[in-house]
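Visitor: The structure is given below, and queries will be raised subsequently.
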Amino acid sequence: MITMVVGEIANFAAYAFAPAILVTPLGALSIIISAALAHIILREKLHIFGILGCVLCVVGSTTIVLHAPQEREIESVKEVWDLATEPAFLFYAALVIAAVFVLIVHYIPLYGQTHVMVYIGVCSLVGSLSVMSVKALGIALKLTFSGMNQLVYPQTWVFILVVATCVITQMNYLNKALDTFNTAVVSPIYYVMFTSLTILASIIMFKDWDRQNPTQIVTEMCGFVTILSGTFLLHRTKDMVDGPGSTRLPKHADEDGFDVEGIPLRCPESLRTS
């Protein structure tokens, strides 16, 4: 629990000092660390393709770090508020809120137990707004600690309210997704959608790509795709074993003998109605 809290605090601080287009994709490094610790501490065997997935994540992360845009110089939380209230980002936020409302009201009651994309869609859409609010709050706290108190501005408290609302919603539906579907399915899909939407929101709000040339942008995208490939490969092969006649070992099977790993995107009807 302590390490989780420390990790989240460090992640929060990272958004205050670096652009989200850099910080968010680097979350894939936690997957590598988890796989390495599981191999060392829990004696879980890491398949050769899992090692390749880790290498791809490292290569992609390095590529993004080397070509990431410089952090925008901001001297007041009012500047962040001005960026958040520009027409382009307001339009994006309105689309996200409308999409989340439709998913929660219409699609979750009908397809929430059978289609993993419904829960993950809500988590990812809300998550993109939560990251922008977390970054705004992180900047406000950074400026406050440096001697320029930002807590006197109402905009700071609005960002705090948005962060609390978005994080609670995001965690609620992420837990529902993890309770309903296999973690090996939820994790890579959620990472892809959440990271992609967060990068899109950051590009719209903070205009990260305005300070870069086309070569840097294309290189960043290539690095991102490399990370995605490594993430999927690592999750997809983590239960495989080497040797003749190697097969995939299911993480767990239910009482009826169903292999959860064999259900990539939806729960079978028999499981849902049982």
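Placed from the backbone N, Cα and C atoms, the Cβ positions cover glycine too.
Take a look at what TrEMBL says about it:
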- 12-42: transmembrane segment (TRANSMEM)
- 48-68: transmembrane segment (TRANSMEM)
- 89-110: transmembrane segment (TRANSMEM)
- 116-139: transmembrane segment (TRANSMEM)
- 151-173: transmembrane segment (TRANSMEM)
- 185-206: transmembrane segment (TRANSMEM)
Visitor: Check for me, if you would, whether the transmembrane segment (89-110) reaches the transmembrane segment (185-206) - at least 3 Cβ pairs under 8 Å, residues 6 or more apart in sequence.
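Guide: Between the transmembrane segment (89-110) and the transmembrane segment (185-206), contact is present.
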Visitor: Would you kindly check 12-42, 48-68, 116-139, 185-206 and say which stretch has the most C-beta pairs under 8 angstroms to the transmembrane segment (151-173)?
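Guide: The listed stretch sharing the most Cβ pairs with the transmembrane segment (151-173) is 116-139.
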Visitor: Using Cβ atoms and a strict cutoff of less than 8 Å, what residues sit near the transmembrane segment (185-206) while being 6 or more residues removed from its termini?
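Guide: Here the qualifying positions are 19-21, 24-25, 27-28, 31, 72, 83-84, 86, 88-89, 92, 116-117, 120-121, 123-125, 127-129, 131-132, 135, 174, 177-178, 224, 228, 231-232, 235-236, 263-265.
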